[in-house]
């Protein structure tokens, strides 16, 4: 939603989604770090869906969800269930994405109708076997369980930014991109909630299968025939999800490569197919490797960290966009904005750290929460907005982006330590690449194309 606002000025050059938005508002460095995590998010989400595809395929053939994976005891428990079917599915979807984007879009359009039909079937058929007693212990792990689950739940929101990567094919940019984002998010949220409620009414949370939840649930309540419908629908929906993610991630990498912070050969679009073949192959090769080894729990936590981190950056960028215009904003107002952003981030990081450390009392929040609230009030009343959108604007400034930052940072504090270690290692590798290769390549390219030294488009 927030990304949509920038579309009115960036036009068709903004098919890079969050990367393009953050590059304009916060500069190349922040945009590159975000872009690396966006690509990681796409790769891991594709890998997770591919592994889930294997599980539902197994249930369709009357096997247990894990039966078609190869167990290698010598490897770590988190990586010892090899999934060659997930690799094959990823390669097949990649071939479809390479051959034709338009054909893939038509396939998704038809498949979407089938998918909604299956969703309706699951809800209606599942509720006939609903047992309200399964909800009696509604929050067995308390508030921490709810927030930990909410953090991982951001897995479901991966891919919405892919809507903005299709800007090149959009006729009415300022209208279609916001409508596409809001409409898709609303429909997905409603469907997700209905499906989750149906599943929990059918089966107690402790007996839900983590790999093929709905198929196993229908089998458990005596509706064996229904599990085939569910498995077929799940396979179809996951196939379309993989196709959308494959198209979206290749476009992201293509746009990043155009700035030369990634190898420029990845920006090439094939003249015959009209698709970025090199970028698609690179992304799906990485996806296949991860899908072969890594279990779903690790993948879901890593996806959530990257997604929450990017959402937070986009919310910060929106504040910068509204309150700062280079060469126009007074120095005093710019400094106020900088202080407000640092106070908002600092207070919220303090809250998240206290929560992650196991803080139960109110004392730890007595300082940080008022700092966040009062800083947002001051930004609202004491700092003039430098820019107002002409066609599309996020409402409730600065409260909505400030609240978004608060939610994102707090939920990050609910994710396990091991996932943060993996996230840190990935970010460190991005920094090494950027400072030794990407920074110099992008600077030289910008200097040659403009005929003058590069001037940062970002803030600060």
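Cβ from N, Cα, C; glycine included.
As recorded in TrEMBL:
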DOMAIN    392-442  domain 'Cationic amino acid transporter C-terminal'
TRANSMEM  29-53  transmembrane segment
TRANSMEM  82-100  transmembrane segment
TRANSMEM  107-127  transmembrane segment
TRANSMEM  147-167  transmembrane segment
TRANSMEM  179-205  transmembrane segment
TRANSMEM  225-248  transmembrane segment
TRANSMEM  281-299  transmembrane segment
TRANSMEM  305-325  transmembrane segment
TRANSMEM  337-356  transmembrane segment
TRANSMEM  362-381  transmembrane segment
TRANSMEM  393-411  transmembrane segment
TRANSMEM  423-443  transmembrane segment
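Ranking 29-53, 82-100, 179-205, 305-325 by CB pairs under 8 A with the transmembrane segment (225-248) puts 29-53 at the top.
Among the recorded stretches 29-53, 82-100, 179-205, 305-325, 337-356, the one sharing the largest number of Cβ pairs closer than 8 Å with the transmembrane segment (281-299) is 29-53. Here the domain 'Cationic amino acid transporter C-terminal' (392-442) returns a mean pLDDT of 85 for the predicted model. Residues in the domain 'Cationic amino acid transporter C-terminal' (392-442) partition by DSSP class (helix H, G, I; strand E, B; coil) as 40 helix, 0 strand, 11 coil.
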